[in-house]
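**Q** First, the structure itself, so that you have it in front of you.
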Amino acid sequence: MSDNTPWFEGIRFPMVCFSPEILREVRDKFLVKDEDTITVTYPKSGTNWLNEIVCLILSKGDPKLVQSVPNWDRSPWIEFTGGYELVKGQKDPRVYTSHLPLHLFPKSFFSSKAKVIYCIRNPRDALVSGYFFLSKMNVTEKPETLQQYMEWFLQGNVIYGSWFEHVRGWLSMREMENVLVLSYEDLIKDTRSTVEKICQFLGKKLKPEETDLVLKYSSFQFMKENEMSNFTLLPHAYTTEGFTLLRKGTVGDWKNHFTVAQAEAFDKIYQEKMAGYPPKLFSWEEC
């Protein structure tokens, strides 16, 4: 991969909407407030779905906000140059998003009571989703083949760095009372129970009919048709023809794309990198 994208502290970032100065300020100077709710993921791990769910929980299922405000405005990415300004201007309680690895996250979070919801996904599916997503985006060098992107991914030479380091970093926080770790697979398998778990974590009591509305308006089909959620409002300069954010929304799609050799090579590195974690910690081991 050619070096035409910005780097900060050893991590590659997209070519647009980022600067080392803002990333440094976010880490060192941004003040996280106790009332903040922050959704955090490695890219292509259910970020926008989780954001939709959280926004709908906070509105008790009322879809007005998610149908009238683009997702990057209602839950801005704090590390984006524009998103950072939006977060600073938000009224309390603030809701925002990040893909940042733990060591680049705002330092003030670690002495706050702010709530972080971290969603993990089978890295094989995150890889395949990332490949198709970045193949149609003008924010970093486009992979020519899945094999090429897999090599970049396993080397950590992709935007936001290594999946393994990202997940290991955030999993180290999983016993903290203000951090909730979820999996994309659980969201797919039992959406209602996972939504209820998020409600409990956020201290929000929803009536059954309100939970029904959250499930309805955060469903794949509703989000796919909602221009405030499906990224069709992105400037055309950022995307190429055929771009889609919500491609499949399924579990195990990697099996349709990995060769046997690729699956074996990935598994070898996965076992090395994730040694020491109990398999039951990861829902995809059961899928």
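Note: Cβ is positioned from N, Cα and C throughout, glycine not excepted.
Small disclaimer: the values here were computed from a predicted structure and weren't measured.
Checked Swiss-Prot, it gives:
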| type | residues | note |
| --- | --- | --- |
| ACT_SITE | His99 | active site, proton acceptor |
| BINDING | 44-49, Arg121, Ser129, Tyr184, 218-223, 247-249 | 3'-phosphoadenylyl sulfate binding site |
| BINDING | Trp72, Trp77 | substrate binding site |
**Q** Which of the three DSSP states, helix, strand or coil, fits Trp77 (substrate binding site)?
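**A** Its secondary structure by DSSP: strand.
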**Q** Please report the Cα separation of Thr47 (3'-phosphoadenylyl sulfate binding site) and His99 (active site, proton acceptor) in Å, rounded to an integer.
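**A** About 9 Å separates the two Cα atoms.
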**Q** Would you kindly give the Cα-Cα distance separating Trp77 (substrate binding site) and Gln221 (3'-phosphoadenylyl sulfate binding site), rounded to the nearest Å?
**A** 24
**Q** Using C-alpha atoms only, work out the spacing between the residue listed as 'active site, proton acceptor' and Ser218 (3'-phosphoadenylyl sulfate binding site) and round it to an integer in Å.
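**A** Their Cα atoms are separated by 21 Å.
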**Q** If you count Cβ atoms within 10 Å of each one, which of the binding-site residues Thr47, Ser218 comes out on top?
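**A** When each Cβ's neighbours within 10 Å are tallied, Ser218 leads.
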**Q** If one looks at the chain holding Trp77 (substrate binding site), which residues at least 6 apart in sequence have a CB under 8 angstroms from its CB?
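**A** Counting only residues 6 or more apart in sequence, the Cβ neighbours of Trp77 (substrate binding site) under 8 Å are Gly83, Tyr96, Thr97, Ser98, His99.
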**Q** Does Trp72 (substrate binding site) have same-chain partners at least 6 apart in sequence with Cβ under 8 Å from its own Cβ, and which are they?
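**A** Once residues fewer than 6 apart are set aside, Trp72 (substrate binding site) is near Phe80, Gly83.
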**Q** Counting all other Cβ atoms within 10 Å across every protein chain shown, which of the binding-site residues Lys44, Gln221 scores highest?
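**A** Most Cβ neighbours within 10 Å: Lys44.
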**Q** For the recorded positions His99, Arg121, work out the Cβ neighbour count at 10 Å and name the residue with the minimum.
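**A** Comparing Cβ neighbour counts within 10 Å for the recorded positions His99, Arg121 gives His99.
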